[in-house]
Amino acid sequence: NNCGFSVWPAWFHSGNQSQICPGGTLLEPTQEYSFFPSALWSGYFWARTGCSFNKTTGHGPCDTGGCNESLGCKAPGKSPFTTAEFLPNRNNGTMKYHISFLHGFNVPIEISEHHGYNCTHLSCPCFETMESCPSELVVMSGDKKVGCQSPCEKFGDERHCCRGNFTGSACQATEYSRYFKQSCKDATTYPADRDSVQVCAMAATYVVTFCP
């Protein structure tokens with residue numbers, strides 16, 4: 001956690017896999033947490049912000065990214081939150097990874113590799129994504145701007161979610177995804193936006209940094 005405030009990182013699996021406990025933790029500024037899934041685990045990580053967990057029960061709300069009002073996530077987070085996603089390929093020993101704005105944005109994020117595999121570094125380091133968020137997507141907590149919601153989760157329509165008549169080649173960038181891409185070229189900004197997806201070694205050690 002490189003932010004000047006506490007974050008509550010969380011993770012959730014993709015597909016039919018089991019959730020890896022505890023599913024979330026607290027990181028104060030400068031703290032780190034190591035996560036050791038199986039080689040073929042696929043899933044995503046995000047930071048929750050503005051959480052208030054009861055010290056006895058471990059339950060409570062978050063301003064962004066909250067999941068089942070618990071420190072340990074047993075369900076996907078609630079938009080908006082910036083995502084780091086990982087998908088291994090058992091056939092060739094590689095890992096697909098990317099930064100995603102498909103669930104919106106709450107804190108800057110970076111994916112790097114620290115053990116010499118020469119993986120492509122991805123970084124969305126600017127709070128400007130939230131500060132300049134289109135007004136209809138802004139998420140507030142009191143008088144504080146805490147996130148920028150994804151257009152799919154805000155409007156729920158076929159065009160922004162690339163569903164129904166907007167699947168396949170009909171899934172195209174929108175004014176909102178273009179805004180997000182201008183904010184961070186390293187981010188995936190709509191479902192068919194695959195330009196930012198990178199591939200490196202499954203055996204690499206990946207580091208997700210909040211507020212790089």
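Quick reminder: no glycine exception, Cβ is built from N, Cα and C everywhere.
Just so you know, TrEMBL annotations never went through curation; they're auto-generated.
Keep in mind that what you see is a predicted model, and the values were worked out from it rather than measured.
Under the heading disulfide bond, TrEMBL lists C3-C211 (among others). Counting every protein chain shown, the number of other Cβ atoms lying within 10 Å of the Cβ of C211 (disulfide bond) is 17.
Per TrEMBL, disulfide bond is recorded for C51-C62 (among others).
The feature disulfide bond is assigned by TrEMBL to C67-C73 (among others). Taking Cβ-Cβ distances under 8 Å and a sequence separation of 6 or more, the neighbours of C67 (disulfide bond) in its chain are A10, F12, G23, G24, R48, C73, K74, A75, P76, G77, K78.
Its Cβ taken as reference, C200 (disulfide bond) is surrounded by 17 other Cβ atoms within 10 Å in the chains shown. Residues or ranges marked as disulfide bond in TrEMBL: C119-C200 (among others).
Around C184 (disulfide bond), taking its Cβ as the centre, 23 other Cβ atoms fall within 10 Å, counting all chains. The feature disulfide bond is assigned by TrEMBL to C124-C184 (among others).
Long-range Cβ proximity for C148 (disulfide bond), meaning a same-chain Cβ under 8 A and a gap of 6 or more residues, is found for P80, G104, F105, N106, T129, M130, C133, P134, L137, V138, V139. Sequence annotations record features per position, and here TrEMBL assigns disulfide bond to C133-C148 (among others).
Feature annotation from TrEMBL assigns disulfide bond to C152-C161 (among others).
Taking the Cβ of C162 (disulfide bond) as centre and 10 Å as the limit, one finds 20 other Cβ atoms among all the protein chains shown. Residues annotated as disulfide bond in TrEMBL: C162-C171 (among others).
Taking only the Cα positions, the spacing between C200 (disulfide bond) and C124 (disulfide bond) is 19 angstrom. Of the recorded residues, C211 (disulfide bond) and C124 (disulfide bond) place their C-alpha atoms 9 Å from one another.
It is 24 Å from the Cα atom of C3 (disulfide bond) to that of C119 (disulfide bond).
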